[in-house]
């Protein structure tokens, strides 16, 4: 497997091998499927967002300050993952790891905000998954996104630890690149969640 | 990593459990799907025996509901689709001149998930009763179905659906990145085109099912309120999501067979496929429209006349590209040097049968008339005409066509023709009469019908036809056993046109010693007409990279199977959460091993391939 660790790394190490290209392509298709998953959940949410069955409504619940802070954290984490990939293409493994680490920390910050938000709704308003069709749809959509964030954080931490000693080569570069793609996808979805759930819930 | 790994002796069972070879996985899919096909056929026969005479008491009403539910579910999810995946897996990489699929490990995982999902679903028969809410499992019925039948439906389909999605992604990536030298998109055989477009349908349709099953599962098991009207839920959402998946699903079931027929017609007419480009774009158009018309399953829900009309027009529009295909097939045969054998018979039988099914489809697509046809036997007749007259005929055609490639032996022609005629006659006896039963008012899904309402004779004929189809299937099985002892055939028994006929039958595990150079549509035919007789190599002989086998996909699927049982029974007894968490932890552990352990595959050395080439030359 000597050819996976060339003396001079190509400028696009993530697509230099057939396996790398396969991974990138396949992952794009996977994201196509993910888009449909989220689209369905958005559809369900839009259909049920006013079905509160006498329980708390979106206007009672949502506070835009916290959600704004969460949005800031998550969107910044997308930028930091761009820096990480930039350093990957320059074959600077240490800086890539550093920026990937920052990405993970920002993601964790976002998650803390979400856990706080859910706990607040449950304890202060008694608003749960079972309260109403609106509750079910809200927790399903936002929770599904949160689940994706959680998975992404586990993914990047595993990748960083696993490859800390091995460094960057044509086998590991596609893995980091795939993660970055996933992370951007989660961010894009959050923009829709922010708009459709929170903004429309508050002012729509 | 080394040659030693490749050369190590393994037992046959271990070999099949760990294989990542797309051809072996293809055969596994065929075997698994074939098993479920027989099972679902048996269920259909039980349904038809119950309806053979008025007010029959062969089975109880509850068991009847379970039978029709499991017949539909098994046929579509566990028989037809896996069999198609079997062909796509086996043949497509050969047709594009590739050594493998993009993700061999994922391919294996997809198969085992399908199999264990299917087994889980069928465990319901022994663990408290099968699902009984119909194959669509509409929430308004399924929410209040007692027992665990519907839970088995949810978990079984969720697991096998995940496998299907993986298979779909893998096939798309394979066609996009792994096409051999010179194999441009517009040189791909129609079956490969159909595989690509079908896989795109899988990719965009199955997530809707996944979400829908999740919603139903949350409602049934964890007390959420998506479909609970008292808390603001809405069961029409279930119908929308189901058909956003379910309508493309019927195209997933037919498009690959359109590909098969295109290959079969051109091979056995000794002609280039007529209107190749039109065929490709017709396939795309059918797929696109297939996504746009889901609400024609919901004309009577009360969506209003505007929505109904839009979906009615969209539905009828699908007849146009389908008509293009039918005419192109006829034109392919026109003036051709036609050979009529079993594969061709099934393809010829398909044309009138499927056309009848398409015409009743246009009738049903008229939303005003649909209020009359809705939930009658007319609908049953329509979809069996397209699914049996299309998919099943196509599967039989493909079996006869590619059997020599897969097993190196041609299926017995006499038995093949007997199978065709018995099945063909049985099929039309069963379902043609059902159009009239439906128009006379016989509802679908009913356990019994009353005497002297004009339904007695029709039902009797229909049941006799079903038994004939069963006989046909048995003769096919006999044919399979007879063929084991028949003579071996060479690489190209049909004088074929596409690349799969350029490798030996069955192909070596690495497919091609040297990747072939494609110089146009029907590449093998081009070389034959130019006097080369075989494909020219596109690369010098070199080491070939191959993936290692792995037991992890099998173990992972077992983990999900156990977790599925845990999900179902934790509602009754909290102890089952042990199975749930244990199964999940086991599967996730397997995934972790997979991601932490490097698996670079191994190389077949050049010398070994040289020896193989010499042996072939002798």
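All positions are counted from 1 along the displayed chain.
From the backbone N, Cα and C atoms, a Cβ is placed for every residue, glycine too.
The annotation domain 'Cytochrome oxidase subunit I profile' is assigned in TrEMBL to B:8-519. As annotated by TrEMBL, transmembrane segment applies to B:27-47, B:67-91, B:103-127, B:190-217, B:237-261, B:273-294, B:306-331, B:343-363, B:383-403, B:415-437, B:457-482, B:551-569 (among others).
Averaged over the domain 'Cytochrome oxidase subunit I profile' (B:8-519), the predicted model has a pLDDT of 96. Residues 76, 80-81, 84, 87-88, 136-140, 189-195, 197-198, 201-202, 204-206, 208-209, 211-212, 215-216, 226-227, 283, 286-287, 290-291, 293-298, 301, 325, 329, 347, 350, 383, 386-387, 390-391, 393-395, 397-398, 401 of the same chain lie 6 or more positions beyond the ends of the transmembrane segment (B:237-261) yet place their CB under 8 Å from a CB of it.
Residues 16, 19, 58-59, 64, 67-68, 70-71, 74-75, 78-83, 85-87, 89-90, 111, 114-115, 118, 122, 406, 466-467, 469-470, 473 of the same chain sit 6 or more residues outside the transmembrane segment (B:27-47) yet have a Cβ under 8 Å from a Cβ within it. By the Cβ criterion (distance under 8 Å, sequence gap of 6 or more), the transmembrane segment (B:383-403) is counted as touching the transmembrane segment (B:67-91), at least 3 such pairs being found.
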